[in-house]
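Here's a structure for you.
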Amino acid sequence: MPSKEKKTRQSQETEEEDDDGEEKKSKSRRKGKISATDCATKKKHKHAEDTESVSDVSEVKKKNKKKKKTSKQEDESSEDEQKNLPDVVQVSKKSTKKNQNPAESIMGSKDKKSKDEGKKKKKAEKEESEEEDDDSQKKKKKKSKKGGDDSDDEGKKGKGKKKKSKHVDYVEIYENELRNYEPDKVENYEDEYHKKKVYEVVTITGDVNGAGTDANVFITLFGDYGITPKLHLASKNRSAFEKNKTDVFRIKTHNVGPLKKVRIEHDNTGLNASWFLDRVVVTDMNRPHLRFYFACNNWLSITEGDSLFVRDLLGSLDPMDMPKYNKYVVSVFTADVKGSGTDADVFLNIFGENGDTGERRLDNDKNNFERGTEDKFTIEAPNLGRVRKITIGHNNKGSSAGWFVEKVIVDDLGNKAVYEFPISRWFAIDEDDGKIQRDVLVGGSQPTGIVYNVQVVTGNIRGAGTNSKIHMIMHGSKGLKNSGKIFLEGGKFERGLTDIFNVEIAALLSPLSRVTIGHDNGGVSPGWYCDKVVIFCPFTGIEQTFPCSKWLDEDEGDGLIERELYEMVSLRQKRQKKHPWSLWIWTSDLPGAGTDAAVLLQIYGEKGKSDEMRLDNKTDNFEQGQLDKFMVELPDLGKLTKLRIWHERRNPFAGWHLSRMSIMKTLTKETFKFPCERWLDANEDDNEVVRELPATGDLIPEPLPLIKYRITVYTGNVSGGGTDAHVFLCLIGDQGDTGDRGLINCKNNVNKFEKGNADEFIIEAVSIGRVRRVRLGHDGRGGGCGWFVDKVVVREEGQAESQAVEFPCNRWFDRNEDDGQIVRELVPRADGQRLYNVSYHIAVKTGNVSGGSSDSKVFVKFYGEKGDTSRMMLAVSDNNLRNYFEAGRVDVFTVDTADIGQINRLLIGHTNEGMRAGWFLDSVQIMVPNHGNHYMFPSHRWLCRDEADGKTEVEIYPSEILEVEQLINYEISVVTGDVFAGGTNANVFIQIYGDQGKTEVLQLSSRSNNFERGATDIFKIEAKDVGKIFKIRISNDDTGIGAGWYLERVEIKRLVMAMVPKEKKEDKKKKKNKKKKSEEDEDEEGGEEEMREVPMTYLFPCERWLASDEEDGEMVVELLPEDNEELEENTYELNIFTGNMMGAGSDANVFINIYGENGDTGERPLRKSNHLNKFERGQEDTFSITAVELGPLKKLRIRHDNSNQSAWYLDRVEIVDTKDDTTYYFPCNRWLAVDEDDGQIARELVPVDEAFMRKDEDEEDSGATLGLEQKAMSTTYTLRIKTGEKKHAGTDANIFAILYGENDDTGLINLKASKSHKNKFEKGMIDEFIVEAVDLGELQKLRIGHDDSGGSAGWFLDWVEINAPSQGQRLRFPCGRWLDTGEDDGAVVRDLYPAELQTELYTPFVPYEITTFTSDVFAAGTDADVFIVLYGQKGLATQQKYLCVNKRERRMYFERSAEDMFIVELEDIGDVIEKIRIGHDNQGTNPGWHLDRVEIRRLLRKGKGSETTIFPCERWLAKSEDDGETVRELVPSEIITEKLLRDGTLKHNEIEVEDALETHTYKVSVRTGDMHGAGTDANVFLTIYGDLGDTGERKLSKSESSSNKFERGAVDKFSIEAVDLGQVYKIRIRHDNSLAGADWYLDQVEVVDVETEEVYMFLCERWLSIKKEDKRIERTFFVKGYEGERNPQNAKKSMQNSKAGLDSNMNKKKKKKKAVIVEEGPMIPYHFTVSTGDDRDASTTSRVYVIIMGPNDLETERLWLDLTDGKTCFTVGGMEHFMCYGLDVGEIKRVELGHNGATPESCWLVDALSVAVPTKGIQYNFLCKCWLAKDRGDGLTAESSTYWTPPPSASFGRWSMR
């Protein structure tokens, strides 16, 4: 044994090189020996209450700071070597032999330096210990060190008299901790604990008979910085833990600092689980001299020794040291009560300042825990310091498990302290509160614990369920605090089910760092497959998900029956916080006072109200004379004001006499009392079963008064106006509401609610202040339940009639009348009553799951910033599907209620009635147009008693809130004249124009019979805020019998802010958009007036017919407001010129819309012309249109409906404004025809100057020369429409679309002419259409639909892509839904919005007018497909553009001596066109073409005018003529400019081009390699690139050196003619893989510029083959010695980044990241492996991306993982590999994985992702197992992706989550 001096030196060196220089415990007061108990007692991380130890720590820290630096360097070097270690590695025994001498291994080699340092250190230590002694004398409080200090210290403190521990109020400490809880303290993942560390663990099994074990062995390390997770000591060889054997393991885990103790245990599985452990040695591999010895010399066995198989071992740096353990004598007193004893296994855990004992089973030889007995047990454990609390409970085994405990006494022998824990409660599932486990603090107080709502999900795989006893442990931050073992009793743990437990613990652990879950391996089939554990703590409002997806089964997988689970941080949710309150209810001691009815409660406070709560616990409640206690959780309601308590049974024996109630907030002890002393009985007192009680108590100076409200309900005097349904009413005031009260006891009528009745009722309630609203409704039951309500009058009992408040209604409560609602909220204003409510449109999607439909009644409740709604039954749907809530369908409902602000969450559920009540809810969407918000609530779960967790209602939170256009409410009153046949059955439409724009065309309709003679119909419409209204247009569509309509007037109301007199009482009502005035304003007005929303009315008199057979026959009329003085009606004369060419005339119906500065005329049919037969060839037709004056005209839109299959060639339109006699010219010169031109049957035209028109008339047969001007002013949109792949997805109906931009919309576009298919909209096809429009601005939405005609009209639309080259953007509008009356929500029209991630931006295009002149020589024409490419300066080029769209055009154009003009949009290549390339594809019967010249006209950038560049050619483009080339490069010869001068004349200017590029000849030599099979018979194509441009792709067809090209070892020579390329730097060469021997080995290519004699050499030496090397048949080679950028696609950002549009992910989970600086840095390859789950819908066709994040917000751009090899989707159960280049971010901290899918169809279940970084040799593995979908999981997909973080607790090989 080493001498004392030697030991001291050892310990000094240990400190010096200690991990962090913070090993305070081994420093203080050392007398040559390290005290192990000292190690255990002094803990760095003590809780806030240990004030005395905090000051010590800070002093020591200061002294140790200097030492940190040296140890850091050592740390880093060793950490790098260990990066790739797996969790636990067993090391071969050879390596440990060297270190057998323990003393030697600790000492290591010492030199003089270390001895000197030792001396210095001794001195410092002496000083330090003196200081500490002084401190301790000052304080004299340190009880906790009593048993842990050296024996001489013990002597000082007296002769071991046992005394009660000095009382520390742990309740106060615990409650203070809760009060001071800071919610947003984020775990610092950079601190020491989270740095990885490798430990070597050596276990030595004893030399005793049967010492070895085959159970799974685990170790937990306890250190200064925290506690590691439980680590499995897994061994590859089967002989681990054999008798007398030493086993060595390497484990990588958290850095817990200097070790204090270890917990070693096994799981008691296997044939021979008992294990005799001699000792454990743990070495910190970064500091190999830090070696801790843990002596055990004891059994870990359930049958041997003291039956413990979990042991805490104290450590020491000295192998000969035997640390002292403390003894605790525990006395358990079972009460002398009937049935109080138990046969279950009882467990105890003692918690002290220095940790806990772990669960100890209390068992000795006798029969324990019998009625009225005391049982004593001795527990040996490391010193815990002062004891704080115990957890005691049982596992509910045996026939009579229930147990009544009187008290527990713990005698701490080492610290000479006795702790008493009075309990006096049942531990039984069927008694008291049903708990079998309790936390008891010192002093016996059982404080209100923190409640944790635990959901345990058993997997849905065969044999997943278990009969074992399941237990769990929750661990707090860094593992420092834990819950102790919790038995999850009462769960089913069956396949596919979710078990819910409410666990109460007197410790705040949330947010948890990890969860341990396991079972006792008992029962018949103990194996269990756990899917995940979800834990929600209402106190912190944090919900955490811990995925498992593994077996806990000794016969499956790795054989473990207990696992550590880590949180998937990306799934963390913030929920509403709630605090625990204790509720006591006294039932009176009167005969018959008790009740068996279900009792419900709602509590109100100054900040809001609670939900309705059903009061129920395990016992028989509300019996006569009984006190019932409940725990309720309430959100922060402020000071409580009142409560409402009621039951739902009106039958004879349900009555209840309530004496009083009290409620106390357990944390702050705020108490409120509610005296009652009344019946809740339908036959006693006032026959009411509802009572409202005002709060009283010390905190309430003056309780609110109880008031009786007298309510009179007036039923209207209309036919069928009465009802027999159950009517309810709720009064809503400034201080809360009365809740829904059934109107049952009528004071004046026996038969209530009959036609013309006025029925009186009394509602007793705590004062609600001023009554603001009345919610009235009925349950819709009974035959004629429809009800017409005139008004409701409310007054307080005893007040004068004059003070009554009247709530006018005048509406039906009937599913078949008005808007179909049977519940309404009324406001006390007659004027504009409908404007004050906000409409919430709710779309409820039922999952397409077998048995997912429900017959039950569904209800919702919204919670918003300004309050919450009541529970609202979804009784009447807008889309009227016959059966509600059917599988795969979407039901849409509208609810009108007060404004509750932004919605935070919603409650949805059903009443569980009906044959098939169970319901699978997929998702809920809520549209609130008044707020401009669209909420997405994913659910994808059962609401069913027999499925999943058995819940029938669920609270869900929005996954995202999308911004949509904000709309306002208009109330439109339409008065039909009282004239004969004045009513109409036609559909009526209105459009409103104001100074801020116009609304869409709105249909006025409801469920009632509208527009009858003499009637007034009122409609509430949500539409755009158009500002001050200046006109409306109203029309009918002339359908139905008796379509003619006499309209008297229209009234439009809307809310505006205005100054109004203040109300007498202060108005606390929260109003939408209410602007708070400053105090100064109020002073000025003397408080007489205030800003409020008031209705503003516009009156539009009409008094005329809208009928085809009355007056002027017009069905459309524009009306001006009554007080209008500025605008008046105007007549526009239209002259329409049909072209003079073959087939130009048309018989279709033509419609026109004229746009001016003051709005537009709306679309008007052109019916009455000056010719009987309209629109004939060469004819001019005249029409007149009456409209409100438009101001200067901007554009017109003209279309026909293609009836009678009519093509029409429109020459021009001239419009005369008769008011100021101005003529506007709108040239067209184009077809409106499906089979001509671009297939459009609608055109938008813009007016041009008269000078251009005159120029046209001068030139004969000029063609459409103004096409370019028109094109420049309009935008061409290419629509690509993808029909889905589902069965019967295609449609025969007529499809239409409307594009909405920020300035205007296109009007209705009939999609008739598909560019790609004759038979349009078939399954899986993409159809292409052209749409031209003028000045729409940025596209915002697309409306697409069909007319539901044809055999199979239903259509599944996948997506629409709109490409607008002139705006430089391609937008994708995802749909993924049916447009079918029999599917989904039954809609055949949908509004689609662009998906941000699928938007592609590029350089905007400009229009070019290209005219080709074919020569006048024999056979000059061609029917080949002609293409063109334009080149600007510096090699800037357009894409290759084919001039003809289809075969018909190819036949029409390029005839001998023809002049053909094309207007095309191409990239803007600048002001100078250097050259063009024109050619054809050599297809068709006579492809040869003799081209004379090409003229290209472009508009000038400044001023009005254009510039034409002429490119002469005069050569053949033909295989059989000239040089056989079919492609020519041309350079310009002259430029002609035309400019419009101010005087309206055109100026003409011609310039010759002097410095045009020359044409060069390039000689190309291609050498084929000299190896087997090197030659090819395929067609080879070459492109040469220079700094002035490229040659385009040329086919190498005629070899000058041999007839058989590209043979093995041969050199082939070709000539290519091209305009000067400048310096050649690269080539691209490919073959088309045609013919048998296509594989080709290319050796080299040489390019010689004949004119400059420069030679460019390209070394290739690669195969171009789909079978060899990397299987590519196209390669790019750079010239020898080239040093420029070679890899632009990897290093530069592609243009496919999404535009900065609205952030559709407003989910709170993904907080807005800081603006990420895209740093220029090295690009490195990342290798990704993505595996998809096995679920039925797991696959996705969306584009997937990854963003990799490193330290300091450094991240890569989106790396798109695009599938290759023709794969179209990530398949179910598949695994895909990708390689992408991205920024080197250093160590990967997080990964974001997402996809760009935006439809319900694009859901994706990700199983796992791995990221390998080859440059560093590291692989990161991320387990995911979560949905990336709009309506699954948490609703996050592309816009809002899932984050994963590499785990702190494992190596990169096996990953678990944070």
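Placement of Cβ uses the backbone N, Cα and C atoms for every residue, glycine included.
Values in this document were obtained by computation on a predicted structure and should not be read as measured data.
So TrEMBL lists these for the protein:
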| type | residues | note |
| --- | --- | --- |
| REGION | 1-168 | region 'Disordered' |
| COMPBIAS | 1-12 | compositional bias 'Basic and acidic residues' |
| COMPBIAS | 71-84 | compositional bias 'Basic and acidic residues' |
| COMPBIAS | 109-119 | compositional bias 'Basic and acidic residues' |
| COMPBIAS | 146-157 | compositional bias 'Basic and acidic residues' |
| DOMAIN | 197-314 | domain 'PLAT' |
| DOMAIN | 326-441 | domain 'PLAT' |
| DOMAIN | 450-566 | domain 'PLAT' |
| DOMAIN | 579-694 | domain 'PLAT' |
| DOMAIN | 707-827 | domain 'PLAT' |
| DOMAIN | 838-957 | domain 'PLAT' |
| DOMAIN | 968-1120 | domain 'PLAT' |
| REGION | 1066-1093 | region 'Disordered' |
| COMPBIAS | 1067-1076 | compositional bias 'Basic residues' |
| COMPBIAS | 1080-1091 | compositional bias 'Acidic residues' |
| DOMAIN | 1130-1246 | domain 'PLAT' |
| DOMAIN | 1275-1393 | domain 'PLAT' |
| DOMAIN | 1406-1531 | domain 'PLAT' |
| DOMAIN | 1560-1678 | domain 'PLAT' |
| DOMAIN | 1724-1842 | domain 'PLAT' |
Any chance you could find the range in 197-314, 838-957, 968-1120, 1130-1246, 1275-1393 with the most Cβ pairs under 8 Å to the domain 'PLAT' (1724-1842)?
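The stretch with the most contacts is 838-957.
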What are the DSSP helix, strand and coil residue counts for the domain 'PLAT' (1724-1842)?
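So the counts come to 3 helix, 58 strand, 58 coil.
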Given the domain 'PLAT' (1275-1393), which of the listed stretches 450-566, 579-694, 838-957, 968-1120, 1406-1531 has the most Cβ pairs that are under 8 Å apart from it?
838-957
For the domain 'PLAT' (1406-1531), give the DSSP counts of helix residues, strand residues and coil residues.
9 helix, 61 strand, 56 coil
Which listed stretch (450-566, 579-694, 1406-1531) has the most C-beta pairs under 8 A with the domain 'PLAT' (838-957)?
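Ranking 450-566, 579-694, 1406-1531 by Cβ pairs under 8 Å to the domain 'PLAT' (838-957) puts 450-566 first.
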Using DSSP, what's the helix, strand and coil tally for the domain 'PLAT' (1275-1393)?
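Taking each residue of the domain 'PLAT' (1275-1393) in turn, the totals are 0 helix, 61 strand, 58 coil.
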How does the model score the domain 'PLAT' (838-957) in terms of mean pLDDT?
91
Test of understanding: applying the rule of at least three C-beta pairs under 8 Å (pairs 6 or more apart in sequence), is the domain 'PLAT' (968-1120) touching the domain 'PLAT' (1406-1531)?
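The domain 'PLAT' (968-1120) and the domain 'PLAT' (1406-1531): touching, no.
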Sort the residues of the domain 'PLAT' (1560-1678) into helix, strand and coil with DSSP and give the three counts.
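Here the numbers are 0 helix, 63 strand, 56 coil.
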